[in-house]
Amino acid sequence: MPASRLRDRAASSASGSTCGSMSQTHPVLESGLLASAGCSAPRGPRKGGPAPVDRKAKASAMPDSPAEVKTQPRSTPPSMPPPPPAASQGATRPPSFTPHTHREDGPATLPHGRFHGCLKWSMVCLLMNGSSHSPTAINGAPCTPNGFSNGPATSSTASLSTQHLPPACGARQLSKLKRFLTTLQQFGSDISPEIGERVRTLVLGLVNSTLTIEEFHSKLQEATNFPLRPFVIPFLKANLPLLQRELLHCARLAKQTPAQYLAQHEQLLLDASASSPIDSSELLLEVNENGKRRTPDRTKENGSDRDPLHPEHLSKRPCTLNPAQRYSPSNGPPQPTPPPHYRLEDIAMAHHFRDAYRHPDPRELRERHRPLVVPGSRQEEVIDHKLTEREWAEEWKHLNNLLNCIMDMVEKTRRSLTVLRRCQEADREELNHWARRYSDAEDTKKGPAPAAARPRSSSAGPEGPQLDVPREFLPRTLTGYVPEDIWRKAEEAVNEVKRQAMSELQKAVSDAERKAHELITTERAKMERALAEAKRQASEDALTVINQQEDSSESCWNCGRKASETCSGCNAARYCGSFCQHRDWEKHHHVCGQSLQGPTAVVADPVPGPPEAAHSLGPSLPVGAASPSEAGSAGPSRPGSPSPPGPLDTVPR
C-alpha cells in the first residue's frame, strides 16, 4: 500500500469526524493489543473522569489498515517501497479519526476495538515519524520476532517489520503469536505425547494455510478436550497473516516454498526456549476439581448462555473476571486488579511491558494453574515438557513395571485368600470331626455300661484321636502360604479337645474310684452291723438263759431236774446231786468263787452254819476229799436241807 494513499486515507478520516483523540504515549501501544477480544465492544471516550494513562485507545480501524491484511491473498504479499518521511506533520497535535462506517471501501473483517486502535495508532506514528522509525520495543531495545535469530530469517524479518508493519507493534504481535502457538504445543505435550504431536500438526497446518482458523479451533478443542478462550479466534485472524507473510518472505529468500521452509525451520516457530511461553490457563477456560468443563461466570451473569465461539455476543458487555481474582487464598495475596474492562493477561504474558500492573513469573502461574488444567497430575511435581522420546520411553517403562508389580501383588493376595479359605474349610471339617467324636464319647458314657468298663472305653476314646492327629495333619503341604496364626489356632483347638477328653477321663476314673470306695465301705458297714447283731443276739440269749436259771430256784443248774441240794458257798446254786454240782462247777465257780474266801476266814467259828458247809466244801476242792466227820458235823447244822455235798465231794473228780 503506497504511503501517499495512507496519508490521503488518514486525512479524509480526520476531516470527517472528531470522535476521539489518541495519545502518543507508549502504554497505549501495550493496552490496545493486550485487551481481550471477548471485550471488544465499540466504546467511546470514558465517562466519569479522565482515563488512565496506559488505557486510552478506543477508536475504530482505518480502511485498508495493516490489521486487514488477511483480506489480501496469502500467496502474493504486497511489495511496496518504504514510505517517504513526512516532515510536514508535527507530533504536538494528536489527529482525530472517525469510525469506519462506509462499506464501499470493503467490509471490515475484525471486530471494532483495541486491535484496530493499536494498529491505527501505530499507523499514525508511521505517518508522523516516517519510515526512519525503527521497530523498537518500549524500553528502546530492537524488537524482532522471537524464535528467528539466525540465518537469513533475521535480516528478512527485520526488513519485513520495518517496511510493512507498524513500528513497535508488528514485531511484538509476531512474538505474541509465536508464544501462543508454542504454549498450545507445550500444553498438548503436557497432557500426553500423542496429543502434543497432534497439536504440533495442527499448528503447522494452520501456519501452512492448509487449515482455516475455525477448523484449527475446533480440531484443537477436540484434541485437547479443553475449550479455548473467546479471544483466540480474533487474535489469530488479526496476527496469523503477519506470520504467514513473514514465512513467505523468508521462504522466498531461501528459494523454497513456505511448507519446505517451515519443515526445515520448525524449531524457530515452536521453540520453547526462545521466548517465555504463555500460561496455558490463560488460553483455556477453567475446569473444576472433577476435571469437567466449567462454564465461566461471565457467560451466565446476564441469564443467557453464550457460545464462546461467537465473540460478537461477548462484546455486548464488559469483562470483569480477572485471573488475579481467581487465585485461591493458599496462593498468597492476589496482585493489584486492573480496571474491569481490561484483560491484560488474556493474550500474552506481557509483564515486562507494564510498570503499574506487574504479573507474577510465568513459572509461578504455571505451577498455580497446573492442577486446574491437568487434574490428574500431582501439584508438587511440575511436569517437564522437554522430555525426549527416550525419557518418555523410560517413564512408560517405569509405569509399566509399577502396574506389573501391582498385578503381581493382587494375584498373590488372591492366591493367599484361596489358601486361607481352603485351610478354614479343613479346620471346620476337623472341628466337626472332633465334635462328633466328643458327642459319641458322651453318648457312650451316658449308656448302661458298667462302672469298670466306662473308664476303659472313655480312655480308649481320647487316645484314638491322639493317634489320628498326626495322620490328619500330614497331608497339608501348603505351609508356605498359611500364616502361623492359622496353625496356632488349629493346634489350640486340637489341644482344647484333648484337654477336654482328658478331663472327662479323669472325672470318670475318679467317679469309679469313689463309687468303689463307697461300695467297700457299705459292705464293711454291713458286715460290722451283722457281727454286732450276732454278738448282741448271743449275749441276749446267754443273759436269757442265765436269767431263766436264776429265776428257777427249784431246778438243778446242771440238768434242770428238780434240785435237792444247795451250794454251800453261795447258797444260790441248786443241784439235784453232787454229780451235777461237780459238772456245773466250771461255770459256777466264776460266780461263787468270790465268796469262797469268806468261809476260809471264819474257819475257827464254832457256830455251825453255812460257813462251815462252805469251809467243808471249800477245802474239798484242793484236797480232793473231805472227812466223813466234817461232813457228818455239817449235816445236822442244816436241818431240813438235802444232804451236804461233802459226801459228794469224796467222789474222785
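Cβ coordinates are placed from backbone N, Cα and C, and glycine is handled just like the others.
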Self-check item: From the candidates THR25, THR183, THR479, THR522, the one which Swiss-Prot records as phosphothreonine
Solution: THR479
Quiz item: For which of SER75, SER315, SER330, SER459 does Swiss-Prot record the feature phosphoserine?
Solution: SER459
Self-check item: Swiss-Prot annotation, phosphoserine - which of SER13, SER132, SER416, SER457
Solution: SER457
Quiz item: How many other Cβ atoms are found within 10 Å of the Cβ atom of CYS592 (Zn(2+) 2 binding site), counting all protein chains shown?
Solution: 19
Exercise. On the DSSP side of things, how many residues of the region 'Mediates interaction with PRKAR2A' (485-506) fall into helix, strand and coil, could you say?
Key: 22 helix, 0 strand, 0 coil
Quiz item: On a count of neighbouring CB atoms within 10 A, which of the binding-site residues CYS567, CYS570 is highest?
Solution: CYS567
Exercise. By DSSP assignment, list the helix, strand and coil residue numbers for the region 'Nervy homology region 2 (NHR2)' (394-412), in that order.
Key: 19 helix, 0 strand, 0 coil
Quiz item: If you draw a 10 Å sphere on the Cβ of HIS588 (Zn(2+) 2 binding site), how many other Cβ atoms land inside?
Solution: 19
